[in-house]
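S.K.: Sending over a structure as structure tokens; questions will come in a sec.
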Amino acid sequence: MASGGTVLPFVRGIDLTRNDFKKHGMPECIGEMSSLRWLRADATGLEELPSSISSLSKLEHLSLKHNNLIGIDDTVTELPCLRTLNVRHNKIQHDTINEDLFQLSDLTTLDLSGNRLSEVPCGLENAKSLLVLNMSDNQLEEIPSQILVNCTDLLYLNLADNKLATFPPQVRRLVHLKTLILNNNCLTHFQFRQLPSLVSLETLHMSNTQRSPGNLPATLEALVNLADVDLSFNNLSKVPQCLYTLRGLRRLNLSDNNITELAPEMETWSKLEVLNICRNKVSALPSQLCRLEQIKRLMLNENQLSFEGLPSGIGKLGRLEVFSAAHNKLEMIPEGLCRCPNLKRLHLNSNCLVTLPEAIHFITESLDELLLDNNPDMVWPPKPRGLAKGSGAQFYNIDFSLQAQLSKAGAQNAASLAANSPNSGLPKDPIARKKRLRQFRKDQQDDKQEKILKGMKDIAKDEEKQKQKEKMTEERSSQVLRQKRWDEALERPALNYHEFFDEDVGQIPGLTVWEIENFLPNQMEEATHGQFYEADCYIVLKTELDDTSSLVWQIYFWIGEKTTLDKKACAAIHAVNLRNYLGAEGRTHREEQGDESKEFLDIFQHQITYIEGGRTASGFFTVEEVDYPVRMYCIHPNSQCVHFETVALDISSLDPRHVFLLDDGKELYVWQGEKVKKTLVTKTRLAAEKINKDERKNEAEIHMLVQGKESNKWGDFWAILGIDHEDETTPEGFEIVEHIENTEPLLPRLYQVGLGMGYLELPQVEVPEKKLVKKLLVTKNVFILDCYCDVFVWIGRKSTRLVRAAALKLSQELLKMIQRPSHAATTLIKEGNESMVFKSKFTAWNDVIDVDFTRTADSVRKTGANLKDWASKQETKTDLSALFTPRQQPISLEEAVQCMEDWNDDLDSMDAFVLEGKKFVKLPENELGHFRSGECYVFLCRYWVPADQPEENNTDSESGSKKEQPEEPEDDFQCIVYFWQGRDASNMGWLTFTFSLQKKFEMLFGDKLEVVRMQQQQEAVKFMAHFKRKFVIHTGNRRRSSPLKPVKKRQPTTEGDADENTEAVEPVEDAETKPTTPPPQPKPELFHMRSNGSPLFTRCIQIKVDASLLNSYFCYILKVPFGGEGDSGIVYVWLGEKSDPEEARLTEEIADEMYDPEKYSLQVVREGEEPENFFWVGIGGKKPYDTEADYMQHTRLFRCSNDKGYFAVSEKCSDFCQDDLADDDSMILDDGVHVFLWLGSKASDVEIKLALKSAQVYVQNLRVKEESQPRKLLCTFKGKESKKFTRCFHGWSHFRTHAGS
């Protein structure tokens, strides 16, 4: 295979299927393939064969299917080695076949099916070596007996779809025959008594051959190998008795007969896998059917079966995959049928079904096909308890069954929880009792084992300390340490050696050689061993067996005289990698050109050849100017992408209905016809940008040229097309007309290049559904993609150099072999560097990763994928573990007080500021701890950070030695700035803070500063601890609220006259400045005292003045002004009958500190002792209110979202609030009685769908864990919440609006 020479003599096989040979015939260069062994030219439109084929003296297999051949001439008969001839579906007649064809001694396979034979070709009886003969789908009326006399070695005989009336009795001589097909022949007078003589028969197809029990043998017991029988369309009234004697039967087709019953003898078919009795008159199946344990497909369509006609034990058919009983009279199916574990297809359409067994729900998701159409009275049965509603592809393949989610979350099994429940009312289960006893014993053993293990650990620690001391003593006393050998000190680096070497390297005795190319070893063909290039480096592995039959290895790396530095280093490195990979002992041996060792030369028997130059490229980066060939493409729409079709570089190629891309290397021209669609132009422009980015390093310029519109690039565009013209008009003498037919592009042909010892092969790769996909390209191989005008050679990363060189030669030959346009060219494509034009030939070759929850059925279908297969293979990640975690237990008051004391002990100082106008001013002392929902506050907290104390030297202290005491380290500090924003305040406060105070604080404290931004009712627990549970939130703004109790010698801040829900008037500098407008009339105020989950989260929040919001479980503060000119009135502290005494004390203190005692008298009122005159009048009248708050012991809030890229459920802390209800998500709220599914107005359909399933799983889990408190699932929407929902939130009010709205 010399450089520059043709490779055709080395080609052993080539596949030319689907090429167009109608006009020019088969290429004459086929005759040059002197080593050709097989040739396929199917569906090429051939009418005759070229004479050059006769010169293929080594041709063994010839396939010419689906052509227009009218005969077989001496072109074929002169092939002495021909073994297989397939001329199926042509126009051959019996008298156009050369008789010499049957004189070929090696001819074993002959396929003449689908032709125009009216008689058996003359001379066929001379083909004594035939093993396979197919003459189906012809017009034969008779088979000469001499053929069966001479061709006794036949293994396969197919004479279906002819006009045979009888069959020669000499068929009994075919004792080796395995397959006999006689379908669709009118063999009325053929008794077939010779059938038992065909002792090797495995397949017998006699569909529509007028069979009856009278013209079949009485027994077929001698046919022990017969496994496939087809007797359909024969008007049989019963199953022939001879079939019951076939004990090895696997497939039986008795469809389209008049059979009324199956005999009990069918149990002899113990190996039966497929039974087809469709379109008969069977009304009942025998119970012996249940003994056919191997059956996989049972087809019973269009019979007279009823529910009583199906055996109840049908569930014993454990391997059943298909059960088809459409068009029968079934009212019901046995429950056992739904218990078949491997059932994939269930067809029950057009029956009289009333319902189905409940067990049908266990298999609906595992079934590939369930047909229940045309059953008008059928009602679906209710699902069994605990079974999730939907977990298949329609729910993104998420299994929402309780057991599956518990297992995934690692939680305790719900069934075991129910079994361990003391109040369980379920019947006793002896098996569960045994499991509980075993678990109890195991727990007892675990306790004992833990004690023993603890003791053993203590002993082990003491022993370890003693060993450490002894070891240190031994190391100090030791004078000479043992020196490790070099190989003992070696450590294998953490490398993946499979990236460099194949798995079977060094496992078979022999010689393996690698050459270094681009920093990596590349295994060489055996034919090139011993041929070393002077500018290359090689690794040589010699594998042998020693006396104990163990593998031993010798590793060498050979350095060429003129090689580069990178090859030298990589040869040494990968030689060591090979030794580590094999676990070989000994060193690697360096061999240099001209100074090889005798051992190295002995490997090659002293036959080493030096070749001048180098064959592999250096791994160092070299700057080369890439030469881009000028090409022009016509752009066709192709699903979501575009298809590039190469056209001639000529103005005549342009069409006003299409877009053309002219590629001139660093200049890309997009020519847009005047009648083209805008979407196609956009896709083409995006494709050009992708070419520029991925293939031209963003160095190319893209020019958009619209037909008939001005541009300064028209001159360059016309010049590339060979025309001297400067403007947008069509050049004189030329006309751009519509000439391109709107047809789909030709399907490319994909060849895989095969290389063997001295031969080449070019078979075609089978393309599923006629759509090229990326996975067809295998990295170890080289492929040729023939697109008619473009021939691409795709080179895999792990392909060998010889295959690459052979592929380039073959692509050039293939380009010349078939008639193509003059602009056709060959392009080299390397794996990982595929061009945009090459990718456009494949379906769904997209570099962008698909994102979950955005793909729709239409988008997937457009890519050409099978939607059902795609959906069944999707694995959607979910996380529902939060639903199964126990509720966070509240901490006690003592623990809360201790935490507050610890945090307040570390607090050195706290300075508070409030936003007034456009600047922050000092917060008055009387307002500390009081927050307004319309304001923003800043708290600068300075914390003491103790310094680390040095460790004391116990040894010195024990010995009593006196040393100087070290200096005490200085304590440090940390500053935290808390920014608090009310739920009615705009974000302007935060912006003002970041550009004013924050910058000042950063200059003062530097890296010791930390900023924490908080929203109302979402405060940090450490921040709330500084207020010692006296945390009051007022509604509105500071200037519009009633004054707090003043400090000594300080005048109270007066109020503005603005409305409570409007913005403040022009801000003032000083918080004590009095406005000029008179204060508004005071209104009643109601405050609610409540702790959420922990005493640390205690707040007193102003709520709507309404008696229905009272609750016997809480404490409230009600301010009732007298009215008139002065600001005075009564403050009631209302204590619920079941309220906490500590919260009652706190409420009294807050009320006492909040209002001026000179204007407002304080009165403590217990529930049931309210004065009628002021209390109920001030609160708006007496109304019924809640007297229980058990929901406080159960409230939990979960968020359902896909923000992480997958669906996840997370739990909010126990101190949740109204603002935790995210508008773009769904929430689950549990109050101990109900489980609410709250849907935000912007939640996606996917989130709502999955959140509903998650809520159902949560309810199912609680029914088992808390059987005494079953939950009821309710759904609510934003803005339509009921009181049962809102009471779980402290201070429920209007929903927060975005800033500026």
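Keep in mind that glycine also has a Cβ here, set from the backbone N, Cα and C atoms.
Fair warning: this is a prediction, and the values are worked out from it, not measured in the lab.
Got these off TrEMBL a minute ago, pasting:
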- 440-477: compositional bias 'Basic and acidic residues' (COMPBIAS)
- 1037-1051: compositional bias 'Basic residues' (COMPBIAS)
- 1056-1070: compositional bias 'Acidic residues' (COMPBIAS)
- 243-350: domain 'Disease resistance R13L4/SHOC-2-like LRR' (DOMAIN)
- 522-601: domain 'Gelsolin-like' (DOMAIN)
- 644-712: domain 'Gelsolin-like' (DOMAIN)
- 764-838: domain 'Gelsolin-like' (DOMAIN)
- 1103-1174: domain 'Gelsolin-like' (DOMAIN)
- 1211-1265: domain 'Gelsolin-like' (DOMAIN)
- 439-482: region 'Disordered' (REGION)
- 950-970: region 'Disordered' (REGION)
- 1037-1086: region 'Disordered' (REGION)
S.K.: Across the domain 'Gelsolin-like' (522-601), what does the mean pLDDT come to, as a whole number?
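M.R.: Averaging the confidence scores along the domain 'Gelsolin-like' (522-601) gives 88.
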S.K.: Tell me the residue counts in helix, strand and coil for the domain 'Gelsolin-like' (522-601), as DSSP assigns them.
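M.R.: Tallying H, G and I as helix, E and B as strand, the rest coil: 25 helix, 27 strand, 28 coil.
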S.K.: What is the three-state DSSP composition of the domain 'Gelsolin-like' (764-838), stated as helix, strand and coil residue counts?
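M.R.: Summed over the domain 'Gelsolin-like' (764-838), the classes give 26 helix, 18 strand, 31 coil.
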S.K.: Run through the domain 'Gelsolin-like' (1211-1265) and tell me, per DSSP, how many residues are helix, strand and coil.
M.R.: 24 helix, 12 strand, 19 coil
S.K.: Is it possible to list how many residues within the domain 'Gelsolin-like' (1103-1174) are helical, extended or coil according to DSSP?
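M.R.: In the domain 'Gelsolin-like' (1103-1174), the DSSP-based counts are 17 helix, 23 strand, 32 coil.
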S.K.: For the domain 'Disease resistance R13L4/SHOC-2-like LRR' (243-350), jot down how many residues DSSP puts in helix, in strand and in coil.
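M.R.: DSSP composition of the domain 'Disease resistance R13L4/SHOC-2-like LRR' (243-350): 26 helix, 15 strand, 67 coil.
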